[in-house]
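Worksheet for the structure shown next.
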Amino acid sequence: MTLQELVHKAASCYMDRVAVCFDECNNQLPVYYTYKTVVNAASELSNFLLLHCDFQGIREIGLYCQPGIDLPSWILGILQVPAAYVPIEPDSPPSLSTHFMKKCNLKYILVEKKQINKFKSFHETLLNYDTFTVEHNDLVLFRLHWKNTEVNLMLNDGKEKYEKEKIKSISSEHVNEEKAEEHMDLRLKHCLAYVLHTSGTTGIPKIVRVPHKCIVPNIQHFRVLFDITQEDVLFLASPLTFDPSVVEIFLALSSGASLLIVPTSVKLLPSKLASVLFSHHRVTVLQATPTLLRRFGSQLIKSTVLSATTSLRVLALGGEAFPSLTVLRSWRGEGNKTQIFNVYGITEVSSWATIYRIPEKTLNSTLKCELPVQLGFPLLGTVVEVRDTNGFTIQEGSGQVFLGGRNRVCFLDDEVTVPLGTMRATGDFVTVKDGEIFFLGRKDSQIKRHGKRLNIELVQQVAEELQQVESCAVTWYNQEKLILFMVSKDASVKEYIFKELQKYLPSHAVPDELVLIDSLPFTSHGKIDVSELNKIYLNYINLKSENKLSGKEDLWEKLQYLWKSTLNLPEDLLRVPDESLFLNSGGDSLKSIRLLSEIEKLVGTSVPGLLEIILSSSILEIYNHILQTVVPDEDVTFRKSCATKRKLSDINQEEASGTSLHQKAIMTFTCHNEINAFVVLSRGSQILSLNSTRFLTKLGHCSSACPSDSVSQTNIQNLKGLNSPVLIGKSKDPSCVAKVSEEGKPAIGTQKMELHVRWRSDTGKCVDASPLVVIPTFDKSSTTVYIGSHSHRMKAVDFYSGKVKWEQILGDRIESSACVSKCGNFIVVGCYNGLVYVLKSNSGEKYWMFTTEDAVKSSATMDPTTGLIYIGSHDQHAYALDIYRKKCVWKSKCGGTVFSSPCLNLIPHHLYFATLGGLLLAVNPATGNVIWKHSCGKPLFSSPQCCSQYICIGCVDGNLLCFTHFGEQVWQFSTSGPIFSSPCTSPSEQKIFFGSHDCFIYCCNMKGHLQWKFETTSRVYATPFAFHNYNGSNEMLLAAASTDGKVWILESQSGQLQSVYELPGEVFSSPVVLESMLIIGCRDNYVYCLDLLGGNQK
């Protein structure tokens, strides 16, 4: 049975059914072909090829095209000759394609007419002046000419000696000697189906010739396992050069089902692709790599791909390590019934070898499972063996996987005959437990990157062959970045070397970064010291200075340069046209990520939403998007920035119902309230600016992470004073650990500080709440501190003098910290009596009270885009309040008491709550619907803290946990005591500070690695505050408090003690610092303002 016979059998039953659909996703109607049309077109192509091709020896025909409606007909037409099809990817590096075609000794190639110019320009050396060409519909047939052919597989029957040598070499791969007399021969007329090459990154690229007998059992078995019928719609997710594409195409066309094809560029746009697959075409079967699925983002996966109403019956994930069960469960919407499979295989035994269906019971279980998903059972005709280092098959323990089967054999490189039952080494290591096989990882330095195997030594070899590189080494930094370290006499060749690597390496093997170093570090054994290289890279990213832009014109010129260098465009291209699109100019997903990285390095900050803009918009639109973030106009551009970013955060349009409500809310307060301009400081270094664009532009505090009127919802910058911009401190010595001496004396710092009481204000009882400092933009002298107490009092105190401006008695104790409204006219605070109070900020007069069903100790958070107030309650609910309309917009059950404070992230627009039941929840700020949740297993008193990439939170089990904004846990850092302290990030978002009940203050980097820790004299409950030394230096400091009443001032880079001051009572309040003054509450009933005096201020 051959692939084409499978299709003809199905076509005979379903002639008039749709076989193929091609949707360009450009607002034009999709194109459909019936089985009858596909078969007829294939027959015409077969006749054409038989007429014009003079086959001698092995029949192989290249196919150089992009995905389209005719693709299945073209493949089928080649197979019917009969011949094997050899896919050539037009976007692959020309040198790689040429090597592949030459090694195959490819004589004929069909080129899509749309790709003719690209083919001729990239491969002109293969075409003589008398090159034979002939056209057939949308194809052109070329006859290729090879000079000095290294490998010639057009063997005749007389080369027996050669064959015997091949048999001998193959038998060394542990072939059963009893079967040595039985072989598969690729010269047989109907033997081969297709020819591929391995990525070439696990060594020299291997040619893999796949017989029909090897691939057909895959198709037949999957049809049964997936229960494919004529009603199914399958998506062609894989490129032709990746062998799972064969399964996708022929699984559909051998079953009477329909195959959906879209342009490659659409696959790079997650929201658009999800809409096309599951809304427009109702795809029922999807085979994909985990990376492809992850591109959708957990929110879109849960709401669309794996929702309760999804069309998707079957999801088969393979090509990479299978996601953890925890992640998989977080992706599934409630009520989803999609069958999920783990498939595993290698190209050398094309295509898949094993399969495992994740049981519904396992998917629905709430029990935490740390075990990986098993590889499952062998597919039809496949033999799976696990062998130890001695080559013996094992039934228990760890070893390398070998794959094969009597007919499941392929021809590698210049093999002509292969013994049946040949077993191929995979390079994958597994463990066998109770008969089940679990994946461990790749052999030696082989890794999988972007779904493809990569041997990092190959990258080193290619780089070392470049004349400008004296020596080099490659590391897989933190298993996420490929870094090339180079020693070169010429420091200016970095860009040139990067271009050269792009020429000779496939895209997934191109390094993320090139780092120039003076010499390679070695171990005592004379080997490259990888750990030292990692330290060099850590210092490199911490210490590299920001690029400074001189203005808009400079940005445009540098963007043009990055565009040309990333796309490898000619240097003599004077100007990139304004309307140029990245994907149409030769870009792909990896290059887009590279361009994003280079732009963010150029501007010195992250640019939210930029990747989607790069993939879908012109260079001019990309420029404008960057401009709105990094070179904001004082008025107009900033407002544009707000609108643009808000639109990006709503890209999946899930908040449609909430949008009109928010608009009404904003209109209401705009009409009835005076809008003030001010800056707000609160615990954890949080800085928020509202309605004060002109003021902030002057300060240099424009942020990329927030809307136009928000400098930072999440620790973007700290104010040194209201007259000068902030400088960011970075750690130079990650291994430094500082602590108090046995006598309790502070360690010697570069410049000691002293703390003195400037003023204190009596509240009548303990102050556990943290201060809120509001700085009016146009009257800095009227800066006010708002804070509540267990005495039921809410106070407004003058920041500079400590004079009480007003005092309001509420109904019960106040532990909640205050929050300001968007207009600045109101202060919002929670109370033990279950009420949320809205007080007028200028008088303390009660404006509105909202009732919950239990105590409110949570502190409110305000959404600067809508003005909504979010707060949690001990009644186990989260609330969204419109204080202007005096109504509750939504109420969401959280599954546990909400003690900590919510955290709002703007892009993606998520609101985070944590419960004493151990749940961390991400909810939709517009509706209150849960987007994802994670059970930490222990109570969460700590408040979540957002930065541009991650969300961090402390747990009473002693761990600081870090998650992506899509709910995937990235890392956890363990301390020796419960964590009640909320984390605080540095202005650069490269470090995170927090305290623990083990009496230490910790500083970690964003990879979860300890930078330093400082031992205090008691437990640390409060949240630290990072700030700039007011003495005129560039020093970044950290203020923290321990429960015994000590206030600690540390140098943030190393954790070195600068000063300590002991208050007369316990401290559970968190400090806030402005200029040289620190505000904090104490259990001696007072709010304190401490003056921080440096050596030159005493």
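Our numbering is plain: 1 for the first residue shown, then up by one each step along the chain.
Quick reminder: no glycine exception, Cβ is built from N, Cα and C everywhere.
According to Swiss-Prot, the protein carries these features:
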type	residues	note
BINDING	T198, S199, G200, T201, T202, G203, I204, P205, K206, D428, R442, K527	ATP binding site
DOMAIN	553-630	domain 'Carrier'
MOD_RES	S589	O-(pantetheine 4'-phosphoryl)serine
MOD_RES	S649	phosphoserine
MOD_RES	S724	phosphoserine
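Taking the Cβ of T198 (ATP binding site) as centre and 10 Å as the limit, one finds 18 other Cβ atoms among all the protein chains shown. Looking only at the domain 'Carrier' (553-630), the predicted model's pLDDT averages out at 81. The DSSP secondary structure for T198 (ATP binding site) is coil. Across the domain 'Carrier' (553-630), the DSSP tally of helix, strand and coil residues reads 51 helix, 2 strand, 25 coil.
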